[in-house]
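Contents: one structure, followed by commentary.
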Amino acid sequence: MPRAPRCRAVRALLRGRYREVLPLATFLRRLGPPGRLLVRRGDPAAFRALVAQCLVCVPWGARPPPAAPCFRQVSCLKELVARVVQRLCERGARNVLAFGFALLDGARGGPPVAFTTSVRSYLPNTVTETLRGSGAWGLLLRRVGDDVLTHLLARCALYLLVAPSCAYQVCGPPLYDLCAPASLPLPAPGLPGLPGLPGLGAGAGASADLRPTRQAQNSGARRRRGSPGSGVPLAKRPRRSVASEPERGAHRSFPRAQQPPVSEAPAVTPAVAASPAASWEGGPPGTRPTTPAWHPYPGPQGVPHDPAHPETKRFLYCSGGRERLRPSFLLSALPPTLSGARKLVETIFLGSAPQKPGAARRMRRLPARYWRMRPLFQELLGNHARCPYRALLRTHCPLRAMAAKEGSGNQAHRGVGICPLERPVAAPQEQTDSTRLVQLLRQHSSPWQVYAFLRACLCWLVPTGLWGSRHNQRRFLRNVKKFISLGKHAKLSLQELTWKMKVRDCTWLHGNPGACCVPAAEHRRREEILARFLVLVDGHIYVVKLLRSFFYVTETTFQKNRLFFYRKSVWSQLQSIGIRQLFNSVHLRELSEAEVRRHREARPALLTSRLRFLPKPSGLRPIVNMDYIMGARTFHRDKKVQHLTSQLKTLFSVLNYERARRPSLLGASMLGMDDIHRAWRTFVLRIRAQNPAPQLYFVKVDVTGAYDALPQDRLVEVIANVIRPQESTYCVRHYAVVQRTARGHVRKAFKRHVSTFADLQPYMRQFVERLQETSLLRDAVVIEQSSSLNEAGSSLFHLFLRLVHNHVVRIGGKSYIQCQGVPQGSILSTLLCSLCYGDMERRLFPGIEQDGVLLRLVDDFLLVTPHLTQAQAFLRTLVKGVPEYGCRANLQKTAVNFPVEDGALGSAAPLQLPAHCLFPWCGLLLDTRTLEVSCDYSSYAHTSIRASLTFSQGAKPGRNMRRKLLAVLRLKCCALFLDLQVNGIHTVYMNVYKIFLLQAYRFHACVLQLPFNQPVRKNPSFFLRVIADTASCCYSLLKARNAGLSLGAKGASGLFPSEAARWLCLHAFLLKLAHHSGTYRCLLGALQAAKAHLSRQLPRGTLAALEAAADPSLTADFKTILD
């Protein structure tokens, strides 16, 4: 029998998801009588390969196989498979074998599948079809019989290995739906030792545990007499679940699964399952790194189902121009009475939806614990009814012009002073919209002002008894301050929100007020109730609703993910100006009521874009969201939206397929840094081969309003030439890829593969083999979801026409049709623009790359040519404009390195740079003489690294910080900057040093974001290990980018030895961390000693070159970074 592929990573992935993973022969050997042979002499090679490559996976909780199986065949293979598929469809089970099959219904009739009575096939399933017609599977049926094969197909999961390292799933629940069992934690390999830093061997730096502060450790010791890390003492009786405590008459608001004992701590922490031996990195004292104890519940509309994390995305982009609380706001909808307090308690803690006025309500008994809470929550409702929200808003977030009249700038910053009749200051009539726009853009409230407003509201609203103590109030307000200072994609973890909150101070949590001894289960119950109250007040019910009611919160184009808070009265004026400017630049036609009605009734449904604006330094950028259906108040989760979005993704995949098959369609378009590197390297080597090297002329052109200016008729002609709707038919396969990362995490990706009948791979084995040959697919499991073998080009082209000609934009309650350009919020926008400009280049600039190079990143052109007349003609053509393609140069962003005659381009002239300079283009700096490339860091000036860098802190923030830093480092180590055939050694030294210096800024930003006030001095070895891993990772990427070159040798010699990379890394981190010596004093000594040790190892010439690359004058851009 042939040997099975090893596929170690795939086998390890499956073992982490199933109870048992066995070869097919081993599994069957356990069922059959001794001596029964599955593979016999003379069996076909296909059957031998099937037995060798098939893995049987037994799910957790699967029904056991028949006790005495009958190895007799009764049915043919097609009949047996059909019978299994019908049973799966009747059970409603998700099984790969039944993908593409469904039960017949009245609306969707048709003949049933052969050998079934009520199953139809609506999409081809190539895995099932291959199995039904396979001779090898037929022979397997004859050897094992109906009972055993039915059990394998219906109750187990089968995988077939595909050499060299992948597999695909044949049957069973799809692998991407399975979660790892809690009893089998995924192993995480330790951090390897790295030479170069003293005291950072495998033992010193391998632990990434950010230990708790001494104060928290001492408080934990005071809480319990046992050892700090031990579990709760075993109870004499089996501990009851939370649902079985005395309040069992109420709904189970916090159901708990059976879990091992967890340690009890004085801080509020979610009770979660954790292995006593499992360690975590960066967590607070006394917490565990898994999910909260409660499960999602069917709560009311105003309260989210999963209150685990307050997230900043919940208060972004809230429309509306009035600064007021909506009547549907939960606290406003309830009267300040005991009955209203009861409803509020039920809504917060028991997941009950508030009843509409007049609706019949079935009263139920409220548990005693919650009954005693009513007076406090009645006081809260009364405080809310009396709270002067508008006055507090005017006091703490005054409009800047009005605040300047009443007090100093410091008072305005602190939120001092009252503006009783506050209105945004109107600009004089003679001021233009642009001037007024800039003034209004500056009238955003600082996070401190917003926090002062929220603090005043919370102090007015929440009774003292609910806080329990001033300590708890200060802790919660500190978390509110941190919450509004987070970036766009950040969230505040439940552990942070409840850290150091004292349960014993909150008497309203007590189930039995007279009890002097609190059992561990009761203490955890109190923790959960307080945690739920804090999460809902901070993240869902109150703080987020206040922000949504009084502010428009958005990110900007110039401050990365940092959030800006505009009062709605200011934002409404900004939005009005933005809409007027949009009408001036984009051709929109308003729809009549009849047209709107026709679009709503159209079949298939049409997407409608919602417009929002993104602030720029001196303007607004329109952004559209295409996740809406015309006439339906539904978001992207709606089935209609999902179907239309799926069609758009299919169209996108088809266009990409044609682009890959015919690269000339894109012209000079570059799809990323890798494409730029390949094109630039080819050009550089060609120029350097000439002797003497010619003088080169550079032209950079940015197109004005590229997406909005594309003529739709021309775009339709271009796409018709790409798709060829009357000729083309495509085969589209939807599949999922599941892989296991080096750290034990499972990564899932859902993809589409497009082909034609000429290059179709109909069988999954061939398809997986092709993926491994043509892509970087390794150590993965592939699951086919569906396959369409007849995607007509005409239907895809018709979808494209609907997208272009029927794009509806909702602006201010009215609907408009976009008559020019393409929607910017679509996944197709960039590709359509590139295809259109590629067609323009073929028509207008043939042969322009004969001696030079033309590059374009979407709408940013770069021409480098040795011919001055060619450069002038190219510049003149784009400045004059190409109306057939809507292409016109923006002279403010156009630059050349040669003189332009006065009047040659009209009244305006582009930026003229010296003949020899660092020429900027798309974040790159190109040396016009040597053609070496470095990165342009000017975009980081006056920005906050903290605002642009967020990492999922989760249960292991230390490990997540390290993973995030290394992931960003890999992105920045582009081949264009590290290629020694393009750049000289000094330029590569300088590029590597700047990468390390920016990484040091990121390191500092991450340390500032670590939760629980974790000081660096508590675990310096971990942070030193992160710095050492930074140098190691960058040097590995440097070697990969220069494969075939010998970079280093013994004795720190060679072109670029590893010691040089570590020296640059240490120098960069010392430069940054020395400015924060109070935080990093424990690291500076080790870093300085390691740098001195490397300085003694490096040759003098290499050391002098490194010091020149690290000259402070070369890193002036970094001095203006805000962090």
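Cβ atoms here come from the backbone N, Cα and C positions, even for glycine.
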The Mg(2+) site in Swiss-Prot lists Asp859, Asp860. Which one of Asp675, Asp702, Asp708, Asp1029 belongs there according to the record? Asp702
To which of the residue ranges 18-23, 312-317, 648-653 does Swiss-Prot assign the term motif 'TFLY'? 312-317
So which range, 381-401, 780-800, 822-842, gets flagged region 'CP motif' in Swiss-Prot? 381-401
Reduced DSSP assignment, Val858 (site 'Required for nucleotide incorporation and primer extension rate'): coil
Other than Asp702, Asp859, Asp860 themselves, what residues in this chain have Cβ atoms within 8 Å of the centroid of the Mg(2+) site's Cβ atoms? Val701, Val703, Ala706, Arg856, Leu857, Val858, Phe861, Asn890, Lys893
Spell out yes or no: are there three or more C-beta pairs under 8 angstroms between the region 'GQ motif' (58-197) and the region 'CTE' (927-1123), with each pair 6 or more apart in sequence? yes
Give the distance between the Cα atoms of Ser446 (phosphoserine) and Asp860 (Mg(2+) binding site), rounded to the nearest whole Å. 35
At the Cα level, what's the spacing in Å between Asp702 (Mg(2+) binding site) and Val858 (site 'Required for nucleotide incorporation and primer extension rate'), rounded? 10
Please state whether DSSP places Tyr697 (phosphotyrosine) in a helix, a strand or coil. strand
Average the pLDDT scores across the region 'QFP motif' (360-510) and report the rounded value. 79
